[in-house]
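Taken straight from TrEMBL:
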type	residues	note
ACT_SITE	Ser107	active site, phosphoserine intermediate
BINDING	Asp57, Asp332, His336, Asp373, His374	Zn(2+) binding site
BINDING	Asp57, His168, Thr170, Glu327	Mg(2+) binding site
SIGNAL	1-17	signal peptide
Amino acid sequence: IKEQLIAVLFLFTLISAGFEEENPEFWRLQAQKTLQAALDRKLNTNVAKNILFFLGDGMGITTYTAARILKGQLQNQTGEETVMTMDTFPHVGLAKTYSVDFQVPDSAATATAYLCGVKTNLNTLAVNAAARNGICKSQKGNEVTSILKWAKDAGKSVGIVTTTRVQHATPAASYAHSASRKWYSDADLPASAKRDGCTDIASQLLNNTDIDVIIGGGRKYMTPQGTKDPEYPLDFSSRGKRQDGRNLISEWQSMKIGKVARYVWNKTEFDAVDPETTDYLMALFEPGDMRFEAERDPRMDPSIVETTEKAIRILRKNPKGFFLLVEGGRIDQAHHDGRASMALHEAVAFDYAIAKGLELTNEEETLTIVTADHSQPFTINGYAFRGGSILGKSPLWALDGLPYTTLLYGNGPGHKITGGKRPDIRKVDTSKTHRGRPWLSSCGPSVCTAGTCNDDVMLFPIDPYQSSLSPV
């Protein structure tokens, strides 16, 4: 019944919009307004005091388009005509995203490119291409610095906000130098790396650059091995990982003598932080990555909108300005698991965070950039009616007499062939997951590009070092 009511609402909205959309002047007037707005816009030649850098990890063009439609549909609109906050930016461009050694880059190589201005090899952080993946000796002398350090050296306040662990590839490239993005704590360092003097990413979070605001997940990489997590004390996988016995959270606090420095791990403590009187904030809400927006407990963990706002309110007190990196990191991770609904809800939340950033800053003195680091093998299939659920199925069936989903992954988990046929999804709610996976199907005979398609075939994800399918 619920699905029928939603369908009726979409149809009513579509019919209402259709009357004016049938008029050619409706479209011509919109075009004229868009052109006139571009002609009237005055070039901002000011020097930016603040820089807001929003990074949608894995948020390619298709994800962006699908998220736009979902955002509208969550507001009971048809969706296609929705305007994302990102859509309102006056300047748009495209970037090539290859790494020095791979055709398709990962988030470490791309973060090094856009934060440090240097293309490098897959899996390496803030080092040039002379450094080799996983070889500690090769990173020495090949480190490159990031815009976060440049901003701090210029007297600005700096911060990182992420929905992943703060030691993950994107935020890590802003403060750490590592031949491997996987060296989160010293427990992840191979014996050769320890022997050759390399340090883990978590320890570099404290030692390399004085970062004013650190928000995300990643508690377990900061505490001694076996330390019980305050939120999940009975979960052994959430316990501290460090083999050197260091408690980096306590060390961080002791380094801030004479300053108002707050460490928090839950929303109650986070809400109690007064931005006007806080100099430093470290907020780690999960042992590892933060929860997906659609699964987040609002009583325990703040949203990316809330974390972005808190960071800006703390950083903007500096009269010299600030640099803030905000990453919607779980867009990418949801895609790796083939969870389109999760990925799109992450992207919508990310767009609301961008709106909050614009609301809290002055365009005349703030440069705001929104980009992605790479895309995903994610497509939107044809023949869905206007206003049809972006997470739904096409009303027109394929040649085998079965429906197919509007969204489709080219690789990764989810493809299924039983007895030479696709599953019948006519009675399946594709907006939800089934056994942790979405029912995304192919409109053709097969989406497999190599080998034989069997149940739950998994090909290499586009960013293997971030994928939950890989042994990371």
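Yeah, the Cβs are placed from backbone N, Cα and C, and that goes for glycine too.
If you compare Cα positions, Asp373 (Zn(2+) binding site) sits closest to Ser107 out of the recorded positions Ser107, His168, Thr170, Glu327. Annotated pair His374 (Zn(2+) binding site) and Ser107 (active site, phosphoserine intermediate), C-alpha to C-alpha distance, rounded: 8 Å. Using a 10 Å Cβ-Cβ cutoff, His168 (Mg(2+) binding site) registers 29 neighbours.
Cα-Cα distance from Ser107 (active site, phosphoserine intermediate) to Glu327 (Mg(2+) binding site): 11 Å (rounded to the nearest whole number). The two recorded residues, Asp57 (Zn(2+) binding site) and Glu327 (Mg(2+) binding site), show a Cα separation of 7 Å. Counting in whole angstrom, His336 (Zn(2+) binding site) lies 17 from Glu327 (Mg(2+) binding site) by their C-alpha atoms. Summary: among the binding-site residues (Asp332, Asp373), the fewest other C-beta atoms within 10 A of the C-beta are counted at Asp373. The two recorded residues, Thr170 (Mg(2+) binding site) and Asp332 (Zn(2+) binding site), have Cα atoms 11 Å apart. Sequence-distant neighbours of Glu327 (Mg(2+) binding site) (same chain, 6+ apart, CB under 8 A from its CB) are Phe54, Leu55, Gly56, Asp57, Ile160, Val161, Thr162, Thr163, Thr164, Thr170, Pro171.
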